[in-house]
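Per TrEMBL, the features are:
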- 400: substrate binding site (BINDING)
- 85-414: domain 'Aminotransferase class V' (DOMAIN)
- 248: N6-(pyridoxal phosphate)lysine (MOD_RES)
């Protein structure tokens, strides 16, 4: 009868264990005595438990009036605190189906390939680019702020031939500008940020989808800072790929990134010559997990963030109860009220044309003679309220105030205006 493999190999070994030039004789009679011997001679852990983790977690309550994330209402927080269930359980699939229908409403699309990527808006941006673009493909990027710059960077990383068309600071591109670039570069994909949160520009969309299709190009739109706060119609406006994030107008915690692909986009994705560079963002896998393909069973791809799904579903429920058109109108009125209040204080708006101002994120020209960092720090310390400076090309040029979702109200506008008045009164102003 054969003995235990470890016992049969070790019992006969009476010899030496080499440790450099030192040798220690040993004899072990069983695997269990081997374990006891190891534990007995193991030194204690050298890294002690951190003292900070012995304290109770305390997170301050703040007015999140920067460009994101926005405040999360109690209803959505409570939804996220529901019990964890399996990411492949039928109840989770039901929640995901609810999310899909809510996103189709939010995006105003009938696209079957509508889902939420596990990650922030950057993950959806990469999902869109990595799935549709192959090495050597041409990509045209509209740069009207930092998000165009990042889209170009992502496309370059996977070997695309990237060209850019750059909008003036605080401005936007005309359809003629875009058609000229499409005709010249003949890209397979054109990227545009609808709501450019770094500059506060709301870029017009009408007619661009038609131009892209005229030149056999897919139209990719970033709506992270705009969706839900201003009119957008994915199908009617000929958008092939549209994505957003959960943490802005939707008022859900960061961590899920809704995205939708048209039939034209899906044809390009599923007729690639090679696999996408990212397994995690491979649309063929994500489509199956979200029930967007024709396969009868779902196959494990990754562990979906189920509690984030709860929050996203609840945020979409809140939006559905208010209604998209009511949400658009509320954000429009709050923004106009805010802009009028800023101008009455003598402050200037970075985006000159009113129709091109993003109603969710306002960019204020940094007041002359002030250090913008001192202003934002003072407001945070004194008023427990977050606003921010510029990002990317707008650093040092602007202050950014985001009033998104539940934060978009006249009462919150008054709170921000009062904080700004106080900051301008007490912060140091250079006479130069």
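Placed from the backbone N, Cα and C atoms, the Cβ positions cover glycine too.
No curator has checked TrEMBL annotations; they are predicted automatically.
Cβ-based crowding with a 10 Å cutoff singles out 248 as the top-ranked of the recorded positions 248, 400.
Averaged over the domain 'Aminotransferase class V' (85-414), the predicted model reaches a pLDDT of 97. Straight-line distance linking the Cα atoms of the residue listed as 'N6-(pyridoxal phosphate)lysine' and residue 400 (substrate binding site), rounded to a whole number, equals 14 Å.
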